[in-house]
Amino acid sequence: MSMSPEVMEIEGFVTEARGGMYIVRDEAFNEWLCRTYRGTRTDNGPSSLVTVGDLVRIKATSQEDEHEGVIVFVYPRQSALVRKRDIRRNRSKEKIQVIASNIDQLCVVVSADDPPLNLRLIDRYLVFAGSEQMPVLIIINKTDLARQKELEEEMRVYADLGYPLCYVSAESGEGIEALLDLLSGKISAFSGHSGVGKSTLINRLIGEERLKTAEISAGNSRGVHTTTNAVMLSLPGGGYVIDTPGIREFNLSGVTSENLRFWFPEFLESMGNCAYSSCSHTVEPGCGVAQAVEAGRIDARRYESYLAIFDTLDDE
Ligand SMILES: Nc1nc2c(ncn2[C@@H]2O[C@H](COP(=O)(O)OP(=O)(O)O)[C@@H](O)[C@H]2O)c(=O)[nH]1
Ligand SMILES: [Mg+2]
Ligand SMILES: [Zn+2]
């Protein structure tokens, strides 16, 4: 580690990024207001020099207790949640924008009702997380609006596939303790459809009203984009949560018609029965996967998801 003899360098995590300024939290939980400068170094490549979740080394620029500094070094990222860029609107040469880094798990938030439980969306997230090699936790919020037994029946396919599930109600507080345990000691990115209760849930988890919810920000509760910049919030039981944009904003370029099948692990067993070795399991005759769906050995709805996602992929 390089360290100048006069100025101590301090390590910390970037917890917030706003207009070229960064909040860096050090080990003692001091918050430093930092900026980058020409000397800021990184081995992460040209995209998004500093992002929420980055581990950085800073140098204090302020006297006494003001806690201001510059970012000297950005450590290599273990993982990155990348935003898809609209090339037409984006004049900068960066192809990608990193929303958050060093994510330990992607928490897919759905609601039991209002909006209705969206299984297709869960499948899309599982494919995305699989392609990024990110562990997933499926959080089913608003359990106060549904019958638990029927809900568990609908979610059984995911439980059978071995995905961790957590049932909560941000409103009643049910399941919150169990969820805190699953988040403890990790950096978790929350994502999901607007209106499922992510902000309400995160406020509940951290025990304060840090995020704006639909009700506070606008009169109507649908389609309101209340989340702009990623913010990393610390949890009482240890760990951090980051509220992130929905999957529509994520860069899905890692998913291809060739590798999509791997994130439908229940298909694997039947693939050996396909008449064509290059079978895409969509339209080919003699498809082992389609036969297994017919025979009820593969969940028909999951297969529909596969076909729907397959249709949206444009391989180059
Ligand atoms: N019944 C019920 N409503 C909830 C629950 N969690 C959130 N809501 C409501 O759902 C709406 C959307 O919540 P919000 O946190 O803004 O959703 P976000 O868009 O995912 O961040 C608000 O009206 C919340 O009060 C819950 O557990 N049960
Ligand atoms: Mg929100
Ligand atoms: Zn096939």
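Including glycine, each Cβ sits where the backbone N, Cα and C put it.
Note: TrEMBL annotation is automatic and uncurated.
Database features, via TrEMBL:
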type: DOMAIN; residues: 92-250; note: domain 'CP-type G'
type: DOMAIN; residues: 101-248; note: domain 'EngC GTPase'
type: BINDING; residues: Asn141, Lys142, Thr143, Asp144, Gly192, His193, Ser194, Gly195, Val196, Gly197, Lys198, Ser199, Thr200; note: GTP binding site
type: BINDING; residues: Cys274, Cys279, His281, Cys287; note: Zn(2+) binding site
Kindly point out which of the binding-site residues Thr143, Gly192, Val196, Lys198, Cys279, His281 have a C-beta less than 6 Å from some atom of ligand 2. Lys198
Contacting binding-site residues, sequence order - Thr143, Val196, His281, Cys287 vs ligand 1, Cβ under 6 Å: Val196
Which of these binding-site residues (Gly192, Val196, Cys274, Cys279, His281, Cys287) have a C-beta closer than 6 Å to some atom of ligand 3? Cys274, Cys279, His281, Cys287
Hey, of the binding-site residues listed (Asn141, Thr143, Ser194, Thr200), which one tops the CB count within 10 A? Asn141
Largest tally of Cβ atoms lying within 10 Å of a Cβ, found at which of the binding-site residues Lys198, His281: Lys198
C-alpha of Thr143 (GTP binding site) to C-alpha of Cys287 (Zn(2+) binding site): distance in Å? 39
How many Å lie between the Cα of Gly192 (GTP binding site) and the Cα of Cys279 (Zn(2+) binding site)? 32
Roughly how many Å lie between the Cα atoms of Cys274 (Zn(2+) binding site) and Asn141 (GTP binding site), rounded to a whole value? 39
Binding-site residues Cys279, His281, Cys287 vs Ser194 (GTP binding site), shortest C-alpha separation belongs to His281
Secondary structure content of the domain 'EngC GTPase' (101-248), with strand meaning DSSP E or B: 52 helix, 31 strand, 65 coil
Name the one residue among Cys279, His281, Cys287 whose Cα is closest in three-dimensional space to that of Thr200 (GTP binding site); these are the binding-site residues. His281
Mapped onto three states, the DSSP assignment of Cys274 (Zn(2+) binding site) reads coil
Just name the winner among Val196, Cys274, Cys279, Cys287 (the binding-site residues) by count of other CB atoms within 10 A of its CB. Val196
Of the binding-site residues Cys279, His281, Cys287, the one whose Cα sits nearest to the Cα of Val196 (GTP binding site) is His281
